[in-house]
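*Asks:* As listed in TrEMBL for this protein:
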{"type": "ACT_SITE", "residues": "A:Asp163", "note": "active site, proton acceptor"}
{"type": "BINDING", "residues": "A:Pro111, A:Leu112, A:Gly113, A:Ala114, A:Gly115, A:Leu116, A:Gly117, A:Ser118, A:Ser119, A:Ala120, A:Ala121", "note": "ATP binding site"}
{"type": "DOMAIN", "residues": "A:83-171", "note": "domain 'GHMP kinase N-terminal'"}
{"type": "DOMAIN", "residues": "A:242-301", "note": "domain 'GHMP kinase C-terminal'"}
2 protein chains.
Amino acid sequence: MVTASAPGKVYLFGEHAVVYGEPAVPCAVERRATVRVEERADATLRVDAQDLEIEGFTVEYGAATDELGVEVPTELLEAATEYVDGAVEQARDACGAPDTGFDVTVESDIPLGAGLGSSAAVVVATIAATAAELGVELDPREVADRAYQVELDVQDGQASRADTFCSTMGGAVRVEGDDCRTLDAPDLPFVIGFDGGSGNTGELVAGVRELRERYEFAADTVTAIGDIVRRGEAVLTEEGPSLDELGRLMDFDHGLLEALGVSSRSLDEMVWTAREAGAYGAKLTGAGGGGCIVALDDSSATETALSYSQACEAVFRAELARDGVVVS
Amino acid sequence: MVTASAPGKVYLFGEHAVVYGEPAVPCAVERRATVRVEERADATLRVDAQDLEIEGFTVEYGAATDELGVEVPTELLEAATEYVDGAVEQARDACGAPDTGFDVTVESDIPLGAGLGSSAAVVVATIAATAAELGVELDPREVADRAYQVELDVQDGQASRADTFCSTMGGAVRVEGDDCRTLDAPDLPFVIGFDGGSGNTGELVAGVRELRERYEFAADTVTAIGDIVRRGEAVLTEEGPSLDELGRLMDFDHGLLEALGVSSRSLDEMVWTAREAGAYGAKLTGAGGGGCIVALDDSSATETALSYSQACEAVFRAELARDGVVVS
């Protein structure tokens, strides 16, 4: 039996624009998905998922048929099982063991569909754990690449390498198309506010695409986000980066995302709460439409203010996760 | 004795960017400043201002000295008297009557400093009324031009022709630098929400300038606002313009203004309230930082929703004001 874990992430800069070839800088945060994998004597894949911020579920199905053995109650749940299924397939493929069955147990303290890369973390940890259970230690770049393939499959061709690469490598990374690099960044005082909801990633991405195709100023706005990322990356990798400037860039990025139609009332309210509490800056993270914001604040003021905000269901500090995927 | 009135305005598109030579489309709305002017036997200028959404004030001072005869309680009040003083000076100059004294009574139902062009309306009405009291009917273009000079003087060289031209001509107008035109626009179902506050225009304009000088993406954001205005003007002057598209452009414009740092928590909250109530679109109007939003909604839903919003102190419908300055 092998256990692996992988971190979630926030976007310091660049979500949505990354879809159009602009760079993005996601940062891994200390909220992890943990996956335990044990080889079975038969070819069955049995998945037990707990604490996914949805009701725990257990699904049992044959590896060959791809058909679920039980009724799946929600779309979100269905997606979660698809991710695990895809990840196990990738590990089997990498290890040349197409017919091996597994018991897979997934635990996660990353809210689902909230912009923190929960699915990427589950996929990355599942691939690494399954391969390790088969006696193979995959190179991290291969884990990241195979995890990306899973997201691509499950999300109908709509995925960026940002989430899976960041979750695999840990720390701050820079992703531009297929070019993925780790960044030498200091720790950052992240505060994450969660409104308890989630946006519809597909619809949000489609909305941006429509605006971008219709209006040149929307395409220019996407490019401006890319310029913010380039400036932000330069600041982040300076000796003793300016949190003031990083915050100002986050604020600007948030406004451009709001212009592109992917913010929401509760996200904006949390962003204002953080700013008024004295955060260096604050923005939504991920696809938007609901879910999480990320703020920078080295005092406890933002955390306290968000804990009293009606829009905020949960708030937590999250250190930059130095470790990406860890197999034990 | 002569009475003149002039309307306030909302920016359908383009505030802030207009400072940098981009076009803007302000629209006059049916909230008016009314100024009564009566020639005096001496050279004294006596100003009595009522209902300026601040305490009524009466100020008496000699035309020659420019010194106020009484203590002025607030900066806003001081500014208000400066506008009236400057407007009377312009009328005296236009009519060749430098030493004539007047009793001037100002009434206004346009909130002060809230982005609705209250000062421009007062200045325009004062110039027209004072000139008429001196027996001169000024050409509207001259009224607009002289009113602009007053704003320029009082605001230390920071002014656009947008407010004063719009207030003078009424209807929808287009202003790009010194190029001012009236537009042939249909009536628009404006709903205005007021948070009871006001931003510091000087600081807000300076903040945008700093961002724009520092970051190319901020300069590009200002240009993108100009592109929204160009598109918006085209839609507005179509036969039967699409309120859907005008609203979408307003929403986008608001996001870019938010990126430039001129929105506020209460403005954003009112904007979301309007959008969730079904408005075609909503944005802040004017300098921002507090004050008013403008939404498009031909139903009563936005007005009702805003009346229940904590962030909103006052809400009203405002038809497009066909008449600009009117002397009676």
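A Cβ is built for glycine as well, from the same backbone N, Cα and C atoms used for every other residue.
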*Asks:* Calculate the distance in Å between the alpha carbons (Cα) of A:Ala121 (ATP binding site) and A:Asp163 (active site, proton acceptor), and round it to a whole number.
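*Replies:* That comes out at 8 Å between the alpha carbons.
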*Asks:* Can you count the other CB atoms that lie within 10 A of the CB of A:Ala121 (ATP binding site)?
*Replies:* 35
*Asks:* Between A:Pro111 (ATP binding site) and A:Asp163 (active site, proton acceptor), find the distance joining the two CA atoms and give it rounded to the nearest Å.
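*Replies:* Answer for this pair: 15 Å between alpha carbons.
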*Asks:* Which of A:Pro111, A:Gly115 has the fewest nearby Cβ atoms, counting only those within 10 Å, among these binding-site residues?
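*Replies:* Across A:Pro111, A:Gly115, these binding-site residues, the one with fewest Cβ atoms within 10 Å is A:Pro111.
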*Asks:* Using Cα-Cα distances with a 10 Å cut-off, which of the binding-site residues A:Gly113, A:Gly117, A:Ser119 are near A:Asp163 (active site, proton acceptor)?
*Replies:* A:Gly117, A:Ser119
*Asks:* Within the domain 'GHMP kinase C-terminal' (A:242-301), count helix residues (DSSP H, G, I), strand residues (E, B) and coil residues, in that order.
*Replies:* 30 helix, 9 strand, 21 coil
*Asks:* Between 0 and 100, where does the mean pLDDT of the domain 'GHMP kinase N-terminal' (A:83-171) sit?
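*Replies:* Mean pLDDT, the domain 'GHMP kinase N-terminal' (A:83-171): 94.
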*Asks:* Taking the Cβ of A:Gly117 (ATP binding site) as the centre, how many other Cβ atoms fall within a 10 Å radius?
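*Replies:* So the number of other Cβ atoms within 10 Å of A:Gly117 (ATP binding site) is 30.
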*Asks:* In the structure shown, which of the recorded positions A:Gly113, A:Asp163 has the fewest Cβ neighbours within 10 Å?
*Replies:* A:Gly113
